[in-house]
Amino acid sequence: MGRENLPQISIPPYILRIKPYVPGKPIEEVKRELGLKKVIKLASNENPLGPSPKAIQAIKEYAAQVNLYPDGGGWRLRKVLSEKLGLERENIILGNGSDEIVSLITRVFLREGEEVIIGDPSFLMYSIDAQLSGGKVISVSLKDFRLDLKKMKEAITSKTRLIFIDNPNNPTGTIVKEDEVRDFLDKLPPHILVIFDEAYYEYVDDPGYPQTLDFVKEERNVIILRTFSKIYGLAGLRVGYGIAKKEIIAVLNRARSPFNVNSLAQVAALASLEDEDQVKRSRKLVEEEKEFLYSRLRKLGLSFIPTQANFILIKIGKGAGKIEQALLRRGIIVRGMAGYDLSEYIRVTIGTRKQNEEFLGSLQKILSSAG
Ligand SMILES: Cc1ncc(COP(=O)(O)O)c(C=O)c1O
């Protein structure tokens, strides 16, 4: 699209340079475009077990009240979350997905020319939101597929405002640990806010995973992001939350639109929090299926990055893009990694046994016909 088709309003070059985020393809789109009847999506790290039955029930019961605006402050959900976390309601902000909180953070805390440090590769929205505020993105390469906190700290300048620690990191599934994170936070200048994105928090089983809530309790300049999109299976409703000291939450609230989290999302999130069984089931599925996928991938001679999340980064080699397309034609959506500068890899969400078998079966057939 040419610039001439836009209204005669100046748009900063840093906005025109942004590459839009490309999400995993929706199932319906693939069915429509490829004329397929059955499609499996393993591209967006959703929960294949679906939402909690309690959440579905809560949505049904609340449906007749959607003529009313939601509780803009999300009072009950924030209260229940804060009690669960041992904090207060004022320590929590709700977002239309944790995505929205990333954009609130960059809008509030970042001005043109200021710097944001992120891992490379890491979740793409940090860079997009930082650029929307005219921020300068300082990308620090991963080391052995993990965030390199030492290098990230060395990248700090007087212009640094935000540092995003995606933990587990998307797309690698790796974590940084408590002692590394403590060293990182030590003597950090006061003009810096550190964001711990813990979208996959509930899946982590490594005992060295940092207890970031302690950092909030210590009143540090940190924000933790968590979401109902992943283990709670509510990605379609868009609800996530940020945890920080009260002063940080209060200033983010100034930028939040009044009804950012809809009422069905709020009731479903509340009901999900009451369903510990569903969380346990989902965690167990990922634990078991992760091992199943590892062993089958090894048999196929493929290498992968051991994960702490519900997705696996798999090395396919030079033809990874073609393999991704071939899987798509067979009705299996995985995530190509060209957008993350990992063009030899695909990222695959851990599915049910049946889904994983179908993925592996198709992959094997495609690889053997290609080789
Ligand atoms: C690391 C990370 N952060 C945030 C998000 C966004 O999640 P939400 O659905 O809560 O906006 C994702 C989604 O894929 C993610 O991988």
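A Cβ is built for glycine as well, from the same backbone N, Cα and C atoms used for every other residue.
Keep in mind that TrEMBL annotations are predicted by a computer and have not been checked by a curator.
Just so it is clear, the model here is predicted, and its values are computed rather than measured.
Confidence in the domain 'Aminotransferase class I/classII large' (37-362), given as mean pLDDT, stands at 97. Per TrEMBL, the feature domain 'Aminotransferase class I/classII large' maps to 37-362.
Residues annotated as N6-(pyridoxal phosphate)lysine in TrEMBL: Lys230. According to DSSP, Lys230 (N6-(pyridoxal phosphate)lysine) is assigned to coil rather than to any helix or strand.
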| field | Cβ-Cβ distance under 8 Å to Lys230 (N6-(pyridoxal phosphate)lysine), same chain, at least six residues away | value | Asn45, Glu46, Asn47, Ala199, Tyr200, Glu202, Tyr203, Asn310
